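What follows is a set of notes on a single structure, which appears directly below.
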Amino acid sequence: MAQRILTLILLLCSTSAFAGLFDAPGRSQFVPADQAFSFDFQQNQHDLNLSWQVKDGYYLYRKQISITPSQAEIAEVRLPAGVWHEDEFYGKSEIYRKRLNIPLIVNQAASGATLTVTYQGCADAGFCYPPETKTVPLSEVSASTVAKSTPSPVAAQTEETPQPAARLPFSALWALLIGIGIAFTPCVLPMYPLISGIVLGGKQRLSTGRALLLTFIYVQGMALTYTALGLVVAAAGLQFQAALQHPYVLIGLALVFTLLALSMFGLFTLQLPSSLQTRLTLMSNRQQGGSPGGVFVMGAIAGLICSPCTTAPLSAILLYIAQSGNMWLGGGTLYLYALGMGLPLILITVFGNRLLPKSGPWMEHVKTAFGFVILALPVFLLERVIGDEWGLRLWSLLGVAFFGWAFITSLHARRSGMRIVQIILLAAALVSVRPLQDWAFGATTAQTQAHLNFKPITTVDALNQALAEAKGKPIMLDLYADWCVACKEFEKYTFSDPQVQQTLGDTVLLQANVTANNAQDVALLRHLNVLGLPTILFFDAQGHEHPNARVTGFMDATTFSAHLRDRQP
C-alpha cells in the first residue's frame, strides 16, 4: 500500500515537472493586477482607510497614486513615504511593497458620493501593469463632527512614515561640502581674517580653548539663522510641491536659476540692498567681540547678510528643501551648510592665518565652477517639461561647456602632472558632445537603422484591418507604454540587435502605444487578454495568434532571437 502511494506521488511530481519543461518560454507567469495589488477600503463616518496588499516581487509607484472625490470633500491627501527604487530610464522613484495604508478624512459626502482611486505598479521581473482605477462608494456624512476627527489620521500617518528623515545623511553631506566650497570663493575667504579678529574682540592672546569656543559660538549663531530659514521654507514647501508639477512654474524656476548662475559667472552682482546691509552691519558692530553672547548675535546677523557668492548656491538648496517639504531635512541641511562655511573660520581662528590659502585667480575659478553646478538645476527642471531627448541635449551642452571651461582654465597651470588632467578634461568634453553631434549632423546609418519600423495601431478594428492586410506574412504585435520600464529596455537592448532585426525581416511589425490607458486602449488590451506590459503577440499568415509564442516580460536579444527561431515553421 505504501509503495502504491509513493508511486502515485512520483507520478504527480513528474507530471508537473514535464508540464513545466514543455511550457512555452514566453508564457505569462504573472498574476492579474487585482492579485498583485489587492485593494480594499473601510469607512467609519469621517475616517476612511485605503489599503493595498502588495504581493511579494511586486511594487506600487507612489507618484502614480491619485485620489479624486466626486460629490464629496476630503482633507489634504498625504501619501506615506516609500522606499527608493532606481531604474535606468526613470531614475529614482518611491515605491511601496508588502502593504500600503492611506488614512483619509472625509469632511463631508453627499448621497451617492464616490472616490476614484488610480494606481499603477510593476513586477521585479520586468512586467508593468496598466493604471488601475477603483471607485469607492462613500457613506453620506455631514461636516458637523469633522473638526473632532481630523487630527487622528495625520498623527497616525506621521507615526507610520518616519522614513523621510532617513534621506538626510546623503543630502546633508552635500550641503556640508557645498558650504566648505563656498568658503573658498572670493566673496568669503578674504573676509575670514577680519571676522576672526572681530570674533575674538581684537585680543591677540587667548587660549586655544577660548578661541575655539568663541568661534564655535559664532558659527552656531550663523547656523541658527540658516536653520530657521530651512524650517520656514520646508513648511511652505508642503504647499509648494504641487506647484512644482506645473510646466509654467518649472520654466519660471529654470529662468531664475539661470540668472543666479550668470551672477556666479560675474555678469552682474546679486546681493541685499545696500541700505539693509548697512543696518545689519551696524547692528553687528554694536555687539561686543570676545563675549559669548555678543559673538552669537554677530553670527546670527551674519547669516542674514548674503554675499554675491552665497546667494545662488543657497537658493538652489532652498529649492531642494521646498520640493521635499520635510522639516527635518530643511533644518538639518541648512545647519550643515552653515557649519561647512564656518569650518575654515574655526581653523583660521585657532591656528592662525598660516592655514589660509593665498588669494588669487583660483578663487574666481571656484566661484565659476559653482555657477556650472547651479546651471544643472535649470536643466533638471526643464527636463520634466521638454522630455528626455531634449533633456539629454541640454545635459550634453552643459557638460561640453563645463569641461571645455575647465580644460581652457587648466592650460594656464604650470604644475607638473597637469597634462594628464588636461587630457582627461578634453576627453570628457569630446564624450559630452556626442548627443549634440547626432542631433546636428544626424545619427550614423547603423544608428538610424537601430530601431524596428513598426506600424502604429490604436484600436481593435485597426488591428483586425492590419491582420487582413498582412498578405500572407507573419505578424508581430508589440504592446508599448511610456510607463513600462521593460518596454524601453526592449527598444534599447533587444529591438536594436542586428540578429533580431534580421530574423524579423519578413515579419509585419505592429505596435500599439497604450500609454494614455484610455477607453480604446483598455478595450484593445481586454480584447487581446493582456494583463500588463511588455507583451508581444505573434500571428500566423491567416491572422491567428500563436498563444504559446506570446512574450510577457523582458527578454534580452539572445533569448528573444532564440524565441523567434523556435516559433518559425
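Note that Cβ sites are derived from N, Cα and C of the backbone, with glycine treated the same way.
Swiss-Prot lists 1-19 with the feature signal peptide, giving sequence analysis as the kind of evidence.
If you look up Swiss-Prot, you'll see Cys122-Cys128 (among others) marked as disulfide bond, on the strength of sequence analysis. The Cβ neighbour count for Cys122 (disulfide bond), using a 10 Å radius over every protein chain in view, is 25.
Annotated transmembrane segment per Swiss-Prot: 168-188 (among others), in sequence order, evidence recorded as sequence analysis.
Feature annotation from Swiss-Prot assigns disulfide bond to Cys187-Cys309 (among others); the stated evidence is sequence analysis.
Taken from Swiss-Prot, the feature transmembrane segment covers 213-233 (among others).
The annotation transmembrane segment is assigned in Swiss-Prot to 248-268 (among others).
Summarising the annotation, Swiss-Prot assigns transmembrane segment to 301-321 (among others) and lists sequence analysis as the type of evidence.
Look at Swiss-Prot and you will find 328-348 (among others) tagged as transmembrane segment, backed by sequence analysis.
Feature annotation from Swiss-Prot assigns transmembrane segment to 362-382 (among others); the stated evidence is sequence analysis.
Using a Cβ-Cβ cut-off under 8 Å and counting only residues 6 or more beyond its ends in the same chain, the transmembrane segment (391-411) has close neighbours at 365, 368-369, 372, 375-376, 379, 382-383, 418, 421-422, 425-426, 428-429, 431-436, 439. The transmembrane segment annotation in Swiss-Prot covers 391-411 (among others), and the record cites sequence analysis as its basis.
Averaged across the domain 'Thioredoxin' (430-569), pLDDT for the predicted model comes to 85. Taken from Swiss-Prot, the feature domain 'Thioredoxin' covers 430-569, and the record attributes it to sequence analysis.
Sequence-distant neighbours of Cys484 (disulfide bond): residues of the same chain at least 6 apart with a C-beta under 8 Å from its C-beta are Cys122, Cys128, Gly532, Leu533, Pro534. Per Swiss-Prot, disulfide bond is recorded for Cys484-Cys487 (among others), and the stated evidence type is sequence analysis.
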Exercise for the section: Could you check what DSSP calls Cys484 (disulfide bond) once collapsed to helix, strand or coil? Expected result: coil
Fill in the blank from the handout: Spatial neighbours of the transmembrane segment (362-382) not adjacent in sequence (6+ beyond its ends, CB under 8 Å) are 181-182, 184-187, 189, 250-251, 253-255, 257-258, 260-266, 309, 312-313, 316, 319, 390-391, 394-395, 398, 401-402, 405-406, 409
Practice task
Give me the non-local Cβ neighbours of Cys487 (disulfide bond): same chain, 6+ apart in sequence, Cβ-Cβ under 8 Å, ordered along the sequence.
Solution key: Cys128, Tyr480, Ala481, Leu533, Pro534
